[in-house]
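*Asks:* Handing you a structure now.
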Amino acid sequence: MAEKNTRTSSDSPNTRAPVFKKPSTPRVPIHQVYALPAPIRTFPLPSFYPSNPLSLAHLVYIWLKQTVFARPPNEPSKLYQGEWSPETRSVNISDAIAIRALWEQGFFGKGSLSRSEPNWLKREMNRRGVDSVSVAEQNTNKRREERLRAKWERARLEQEIIEQTRLEESLAAVVLPASHALQAIVPPVGPLELLRLPNSASDLEVATLIPNSTSGLANGTSGLSYDLATSAEQSQINGAPKSNGSTHPPSHKIEGLHHLLKKQKNVRFSGGVVSTTFDQNDAPSPGGSQSQLLKDSVKTAPVHTGPGSDISRSAPLDETRDLEHLQLSAQEAFYLSFAIGALEVVDPKTQSKMTNLELLHLFADHYYFPPRLSSHGSSGLRTDDPFLVHYVVFHHFRSLGWVPREGVKFGVDLLLYRRGPVFDHAEFGLMVLPSYSHPDWNLEERRHPQQNVSWFWLHGIQRVLSHVLKSLVLVYVDIPPPSTVDLVSDPNKGGISGLLEQYKVREVMVRRWSSNRNR
């Protein structure tokens, strides 16, 4: 018996072969992926404690190791290359390794086909079913769809409550005595009710004949909620019955009744939103336009073609080419090239590498629209150029450990992140304001356009940032005198560094004060 009841897994007809899943690679924590704040590595020395003599020996050992025995390579050890794009006024980087390195080490740049992080290839692979890793844009779209469904559900419930209330009011108006039903004219409470008031004696008679419908129109309720008993009573009062029992009220009263009933409109909310395209020559039909129906039939009809003509089968899914590149703003590109030295910018016409002085003049000229036409000399450069003023603020906050990024989405110059857009939202919005406090500027009449700001401008920006839970910071930049621009072309006086040292940055946080909330 034991032998008869014994069956192996291979003999059972319903037993499926075991499916071997591909072992998933463990995900690296984001704190390790974005550990470096800049594309350079530092090698700090250990701390020295005077109370512990062994700490001095450890300090000397590490110092000798880094300087004599196993000296690390000079930083930046990796030099990335980008190409200047005058159409977009940015520096484009196409190398995939350089894109990930600059994004993961300081959050530099923006994906050309993405909102922020360059992850178009991941989205495309996920859409084709090759990879199941979700990205930030997909999570955002899911949250938006959930919020949209919640809004439609809330609107549907509110509409049902309104319809139920109207139905109860109409039923209550039917069972009222006839003396109360004669009160047809309801005091108007809005422009629509004023338009529905009777304009003549005949309209007034029609309104008194149909008290329920008129009151319903005045109150926004349906006028089709009277029963047979009420209509019979009205027929005996207003008209003589015929042989078949029907009444014959005056014709002008019936026309007024139809005119009032045509004004009503019922609105219902649906959980699903369907887009429909109507052509100008299409006849009105509840089912949609004929052209749209023909398009849908063409889309749903199967198309039989020859073998090998299917596009999805002819192109393998794994061979998806990355069409996205990284776009660096003018401040980010100049910071990586001048301050860190990890970027080389190539001229698209001559394919030659550009120096920091050439980049300074190029970015300063293209910060205007249309671009300013000037030579590479110091004659076209001014100390109050918008690029120089904004770069000073960018360099200032980068040196303090913040992550500044473009803030045009919220109407500000820069957004300040504590660690980066991957970890948290921006806490502050910066507005850069040049300050002509030096006495030499009093000799000239030129002032920056943003000097003539108003309270309406300030309150508008403050209102936008308060809706997204951000604080407004006004950054004042003290502009050096015009004569200091000559320091750029003189290496003995510091060059670009000597010019940037003349700027001073002051931050002022603006907070909206309310007498009711701040007591």
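The chain as shown is numbered from 1 upward.
Cβ from N, Cα, C; glycine included.
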*Asks:* According to TrEMBL, region 'Disordered' applies to one of these ranges: 106-147, 274-315. Which one is it?
*Replies:* 274-315
*Asks:* Whole-number Å distance between the CA of Lys470 (active site) and the CA of His425 (active site)?
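*Replies:* Cα-Cα, rounded: 9 Å.
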*Asks:* Return the residue, from the listed active-site residues His425, Lys470, with the maximum count of other C-beta atoms within 10 angstroms of its C-beta.
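*Replies:* Ranked by Cβ atoms within 10 Å, first place goes to Lys470.
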*Asks:* Give the helix, strand or coil assignment DSSP yields for Tyr417 (active site).
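*Replies:* Where Tyr417 (active site) sits, the three-state DSSP reduction gives strand.
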*Asks:* Return only the integer: C-alpha distance in Å from Tyr417 (active site) to His425 (active site).
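*Replies:* Between the Cα atoms of Tyr417 (active site) and His425 (active site), the distance comes to 7 Å.
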*Asks:* Would you mind giving the whole-number mean pLDDT across the domain 'tRNA intron endonuclease catalytic' (387-478)?
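*Replies:* Averaged over the domain 'tRNA intron endonuclease catalytic' (387-478), the predicted model reaches a pLDDT of 89.
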*Asks:* Mind checking how the domain 'tRNA intron endonuclease catalytic' (387-478) divides into helix, strand and coil residues in DSSP?
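*Replies:* Its residues fall into 37 helix, 24 strand, 31 coil.
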